[in-house]
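Input: a single structure, listed below in structure tokens.
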């Protein structure tokens with residue numbers, strides 16, 4: 001089965017769970033006065049669940065056969081591309097999300113930019129350090145001082161507010 | 001209208017807003033040149049900055065400037081490197097790149113700049129004429145018509161985006177609508193589909209979703225498959241065009257400005273369709289000798305898509321400003337930004353916030369002028385951005401994507417959601433699922449349900465569908481929009497199969 005039909009199957013599952021919630025569990029706690037209304041909080045989701053189930057079934061059962069297009073990247077030969085770099089960058093992004101508050105903006109951001117460049121093959125470490133440090137400082141200044149959006153600059157253990 | 005124009009001029013010509021136009025155009029040009037980053041990604045990245053300005057006029061002027069700049073920048077990389085920065089400028093590379101290879105890069109850039117300027121300016125004049133007319137008609141609409149109109153818009157977007165695979169586009173639209181129902185809506189004041197998570201109480205963040213759908217997959221694609229860095233032929237010199245060349249492209253510009261604008265007005269048909277159609281039309285009506293030049297460095301072949309894509313960008317503002325319905329992914333992001341700034345686009349925008357409405361239109365003229373006057377002489381220098389090594393460029397793109405989501409919500413959970421949605425969006429792109437309908441569905445979801453609920457309450461049920469003829473008519477149009485492309489694609493396939501089988 002082609003990838004688009006597998007995705008269709010996953011989406012069918014999502015729509016079924018969504019529909020089950022809308023049809024069977026959502027209205028349980030509905031206040032009596034709301035039950036006399038022509039529209040309930042579950043009405044629109046019920047309509048969407050039916051539409052979603054029909055559309056995903058059309059995809060899964062292959063009723064609408066489209067030409068199999070291969071874009072810039074052929075997912076069937078994914079290992080021939082820089083898959084390792086892409087996965088490492090995703091892990092780095094998740095680590096950045098988790099460390100942004102505890103490590104502070106300056107350390108986590110410069111770390112992200114340095115490691116990101118290293119993952120992509122940059123070996124001029126001094127240049128990378130300088131670019132990351134300057135860029136982090138400029139972005140922090142622009143966001144914190146110019147735009148007035150608070151970004152904790154230093155780690156929590158240094159007592160930064 | 002004159003009063004509105006004066007209000008618009010006054011607002012657009014303030015020092016702050018002039019700086020926004022100039023800044024937006026320069027940033028857009030600069031980033032738009034980078035292959036892989038489309039206007040949707042750039043605007044998504046710029047939204048937190050725009051929202052932090054606090055002034056809706058300034059924010060929209062900045063984002064509109066970025067939009068035009070990105071299209072302009074995309075043309076530059078199309079011409080110089082044959083690597084279109086944005087999909088709307090792919091057609092520009094057909095003749096622009098051969099011109100650059102013949103040593104006429106400067107001339108090609110000048111033609112692109114003039115055509116873009118003319119397309120954008122004529123488009124803005126048409127917008128000035130048609131937007132108020134459509135607004136006054138739209139004022140007659142009730143919630144039932146609005147609901148039906150949104151269904152038409154979503155169907156048209158699904159039909160266009162699907163290109164033969166409408167079910168996938170409808171699925172994406174429905175998924176967007178489903179995601180819009182997550183969280184505590186204004187309508188019922190009760191949490192829905194939050195799975196008991198506090199972080200989902202306010203629903204998914206629009207900026208996070210926009211970044212995840214467009215910016216992150218683009219960056220990941222750049223990582224997975226680095227583009228070849230083709231060298232442009234020598235320095236960019238001699239930006240002048242001759243009088244004969246100007247005479248040759250003038251009618252092309254005139255025709256494509258109008259055609260591109262009206263294609264842009266249609267929901268779902270944006271700059272990309274306008275540019276390809278513009279190219280095809282001009283090629284078909286050209287003389288036989290001129291036709292042979294198309295694809296080998298024809299100035300008409302370059303002027304046509306360049307004019308059409310800019311005019312279409314302007315045209316796509318018509319449904320956004322007058323009906324509050326975005327016709328493309330880019331205008332959907334702009335709509336989200338406006339809602340975040342407490343401005344609701346629609347027929348009342350002209351009455352309630354004329355300074356926003358007219359300032360945006362006036363800033364389009366200024367933006368186009370800025371692109372022509374400021375960017376053209378700067379192009380040789382701005383083009384240096386193309387030589388930034390990917391080792392530095394990609395981490396910065398990813399960082400700005402993360403920052404955009406973080407600044408928008410000030411919540412680190414958004415960053416994890418961004419990564420998760422980004423992975424899903426990349427997989428969906430591998431399987432050729434269109435992502436713009438998902439974002440448009442997500443943005444329109446709240447309004448669609450709101451109007452649906454109001455109509456249901458007013459008519460005590462679904463009877464509004466047949467009791468209001470305009471609603472019924474619009475819903476029939478929506479059904480036709482969905483059924484017709486599927487039927488035609490199926491018939492074309494059957495016919496092709498028949499031929500293949502020797503029938």
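Along the chain as shown, the residues are counted starting at 1.
Note that Cβ sites are derived from N, Cα and C of the backbone, with glycine treated the same way.
On a predicted model such as this, the values are computed, not experimentally measured, just so you know.
Per TrEMBL, the range carrying the annotation transmembrane segment out of B:388-408, B:409-429, B:430-450 is B:388-408. In TrEMBL, the annotation transmembrane segment applies to B:261-281, one of the ranges B:240-260, B:261-281. Below 8 angstroms of C-beta separation, residues 141-142, 144-145, 147-149, 151-152, 154-156, 158-159, 162-164, 166-167, 170, 455 of the same chain, each at least six residues beyond the ends of the transmembrane segment (B:468-487), sit close to that stretch. The average pLDDT computed for the domain 'DUF112' (B:18-439) is 81.
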